[in-house]
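Single-structure report; data block below.
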Amino acid sequence: MAVNVIDRVREQRPLIHHITNAVVMNFTANGLLAFGGSPIMANAKQEVAEVTRLSQGLLLNIGTLHENQVEAMILAGRAANEIGIPVVLDPVGAPATRYRSGVCQRILQEVKLTVIKGNAGELAHLVDQDVDTKGVDSTGEADAEAIVRLVAEKYQTGAVCTGEKDVGCIDKDVFVNETGHPLLAQITGSGCLLGSLLTASLTVEGNPKEKVLATLSHYGRAAEQAADHPDVKGPGTFIPRFVDALAMGAEK
Amino acid sequence: MAVNVIDRVREQRPLIHHITNAVVMNFTANGLLAFGGSPIMANAKQEVAEVTRLSQGLLLNIGTLHENQVEAMILAGRAANEIGIPVVLDPVGAPATRYRSGVCQRILQEVKLTVIKGNAGELAHLVDQDVDTKGVDSTGEADAEAIVRLVAEKYQTGAVCTGEKDVGCIDKDVFVNETGHPLLAQITGSGCLLGSLLTASLTVEGNPKEKVLATLSHYGRAAEQAADHPDVKGPGTFIPRFVDALAMGAEK
Amino acid sequence: MAVNVIDRVREQRPLIHHITNAVVMNFTANGLLAFGGSPIMANAKQEVAEVTRLSQGLLLNIGTLHENQVEAMILAGRAANEIGIPVVLDPVGAPATRYRSGVCQRILQEVKLTVIKGNAGELAHLVDQDVDTKGVDSTGEADAEAIVRLVAEKYQTGAVCTGEKDVGCIDKDVFVNETGHPLLAQITGSGCLLGSLLTASLTVEGNPKEKVLATLSHYGRAAEQAADHPDVKGPGTFIPRFVDALAMGAEK
């Protein structure tokens, strides 16, 4: 099953429009290409709706938010809703500032989302829960389950909470992924890239829960495989092997 | 001959001003450094003309175009024309939106270009031809030849159409490069980096056609060499080896 | 001594707010993570003061300066001064344009800096000295010493001049670091990353001079270690090994 979802992405090579943060653009583009999708990244309000209409999916990531980008995100989100393609929101750092929090609220009001993906602190913030953000990675599975249920219910969307275990909720169905590797937390943009891959998987046919779970599983196994490579001695050498591993199982 | 052009770049280490897209800045800077040039990347309208006047060449790449950048590109392009240094345009995604298409037209009207480098779909768009952009990579050599002739004629410039084979036209002379590797299409920014290297090569003495052809050939051979490395198992491990290979033949 | 400073960074994982250039964001974030710090990068004037107040240190780097960023840098710098956390300025390319030079002056007037880090040409410019910028790397140690003394005196700050040897001045005390490797000059952003690591080290307890010297030494030794790796054949393969080496000595 997992294999089928990823294979479909590779067959269809969905074009994913990213309005994302400047830190991770290059890594996200290379990671999505390896996974089997096709990245496009446009930010100008003059063209984001048009770019979205050419695309099969839209990812909104607020990691380096600025004024012009907010308007672009709303325009792109509305265009995506009009043509009925999946929209994923990654509310990076939403609890950190009133600005990010406010922009998230605006996006949540004006754009119908398919999946919201974040860590426990970010998702908890969206449903006014307190989570000790210092200890995000050790947030228990039970807490994560409660949070994704609340997010999914409140915003009528899928929710994915990443952490040592990833916990998702789609259509009131909660599921857990246990693949992954601690090196993912030692490089920048690993969560951001996952948002991009989830968007790509959501564009192909199939059951939403299975598509999300297959992607989480593939992503974590790619990290495990890369980390196990004898040449990987730290986060620097992990990155290229991880990108390679995202392509694992693809026919050459 | 090819060797001489690249050697001259390495001797002179031309400073190339890039106004380019945010996805590829880091990769482009590292690739140009390995090739033998020296990158500078400024975007503010307050300084782009001054930065251009310090430089030996200018690259304009519209991949993540935004409002302020358009004005910066025009100011930099005019400064480059005034001091007579080469200007290369990479019309990334020009057919995708009216905004990009319009900005390209404005640059083409206000700045005298040395070379326009793009894929078949992008170049065809500039001369109002239809190319099935889904099949860009399989655009025949005959089509590419027709397109570069039209672009070169219409805009009185050199034209380079990248693809499985690269086809160029300079001074009515058409030429083909056959080096390269499919992995170049599996990483982001490979075309963007080529635009940077072409700009660097155009700054040194010599016949324009020979300079462009030497650069295309070197670039493709570097990709071949990197892809053949036994440690390269996919796009992730290809990237560092490709950057290394761009420095091939350089004295240490 | 050196070990203790780096160990403290690793224990405390200080959150460092970067307002930095777009070329080096990803590399800086990954390098700081490997070193032991925690990067955050926000640019919007609406949130930079709030992000700074959450942080333990602030880095300002003007490498791809634009209008909105200037205001953000001043707001963040003032917030950092209010809460008393270290602020490091990297005046990238300050002598290149009147705009950069003017913005540097404005930052220097409105923000109290802990350390200014630059190459000889950049630092000399801040104290109205002439240095042949073409020969920056061969600026003699004596010149560098004179420059850091002038910068430290004029701006009542620490000063670090990078080059073949790094020369620093803190509290009228001049010191020299001799670790390093020529490959650092063949990749983009090596100086920018050093600014980030210095900011992180300045956040932990200890003597400022020792903290800076330990960081310079660690950085240079990491480059030496990476360059000596048998798989490193050029700048491309150097980068991942260098990031790995920044984590050297860390407990896993």
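The backbone N, Cα and C atoms fix where each Cβ goes, and this holds for glycine too.
Owing to the predicted nature of the structure, the values given are computational and were not obtained by experimental measurement.
If you check TrEMBL, you get these features:
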- A:Met41, A:Gly189: substrate binding site (BINDING)
- A:Lys117, A:Thr162: ATP binding site (BINDING)
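The structure, with features from TrEMBL marked on it.
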residue  : record                 : Cβ within 10 Å
A:Met41  : substrate binding site : 22
A:Lys117 : ATP binding site       : 29
A:Thr162 : ATP binding site       : 29
A:Gly189 : substrate binding site : 27
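Applying an under-8 Å Cβ distance to chain C, the binding-site residues A:Met41, A:Lys117, A:Thr162 reduce to an empty list. Listed binding-site residues A:Met41, A:Lys117, A:Thr162 compared with chain B at a CB cut-off under 8 A give A:Met41 as the close ones. The two recorded residues, A:Lys117 (ATP binding site) and A:Gly189 (substrate binding site), show a Cα separation of 13 Å.
Secondary structure from DSSP puts A:Gly189 (substrate binding site) in coil. A:Gly189 (substrate binding site) is 13 Å away from A:Thr162 (ATP binding site) when you measure Cα to Cα.
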